[in-house]
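Quick notes on the structure that follows.
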Amino acid sequence: MSAERDILVSDDVRVIIEIVNYVVICGGVSIFGTVANSINIIIFFRQGLKTTMNISFFGLAISDLCGLFLLFWFTIFLNPWVENSQLPLITREFQYLVVGWPYECFSRISNLITAFVAAERCLSITYPLKVKRIITRRRATAVVCCIYGIMFLSLLPEYATSYIDWKFYAPKNDSRLGLVFTKNRKSMEGLVFILNAFLGALSYLLVVMFTAVLMWKLKHNSAWRNKTALYSGEQSLALKRDRKAMSMVLMIASVLVVLSSPSVMCLSVTFIVSDFSILGFYTNIFFTCWSFAFTASSVKSSIDIFLYYKMSSKYRKTFLELFSK
């Protein structure tokens, strides 16, 4: 059976792919993304959290920053050299609970905030002069805070039934820190799986749905695009700014949809094929596929700075002011 598995993806090939994807690509991208999102946070804070867009993008930058920081440590734990070192850790089990789950949490937070921003832009097309009364700064702040709170609470079932403790590690014939489950883990496994599968699918599908609606609205609602001709002065300028903001949101959401697809595909295969797992028959393919999924995810969380700079004159102005001193 092991020979058949090696034909699919051998251990040596898996290690090489993981070194390239995790150590080289994800490691470098996560460092860049951490710096880029730190800049985003500074810029949005300097501009002032006076608009719902800035509030949402500020929350998104914090989520991406935390996720990329965790991803950096994730890549360290999955580095084959660290994994085979004499550290008293079962690295894959340790990162699963200490890094993996928090990273997944922040990834979902980013998805839901992006979905909220896209939904807000959809409303601005339908009700261009009323959207500011529908979604106020206070409501936007409340939504972003609720997204963080709900996603953090979703981790409780996992952390209530698993923890890190010393355990015997057969490959090295010693004791190491690894993943240990509580006695009631079996009774909670169904809830943990359903809850996280639901939240993962929901966060992705909401982004897909609102992105599709936004694309359809921008393409077919020609009447809205011509409304600027019916107004003058400040109203016309406001509508033009909203249209530029919508184009930027659409680009950000589209990038998220494309680069999150590998993770969604891996989760779907895990659900359908029981052997596509950490301990299953296709374990090497499992780790190989997820290395590409994490690489795409790291890029997704790191490139918003380019989109902001290219598509937002206000962001570009603040950026140049920040670095011209």
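Cβ atoms are placed via backbone N, Cα and C, with glycine included.
Features of the protein shown, as given by TrEMBL:
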- 36-308: domain 'G-protein coupled receptors family 1 profile' (DOMAIN)
- 20-45: transmembrane segment (TRANSMEM)
- 57-78: transmembrane segment (TRANSMEM)
- 98-119: transmembrane segment (TRANSMEM)
- 140-160: transmembrane segment (TRANSMEM)
- 191-216: transmembrane segment (TRANSMEM)
- 249-273: transmembrane segment (TRANSMEM)
- 285-309: transmembrane segment (TRANSMEM)
If you count every Cβ pair below 8 Å, which range out of 57-78, 98-119, 140-160, 191-216 shares the most with the transmembrane segment (285-309)? 57-78
Which sequence-distant residues neighbour the transmembrane segment (140-160)? Criterion: at least 6 residues beyond either end, Cβ under 8 Å. 49, 52, 55-56, 59, 63, 97, 101-102, 105-106, 108-109, 112-113, 116, 120, 182, 188, 191-192, 195-196, 199
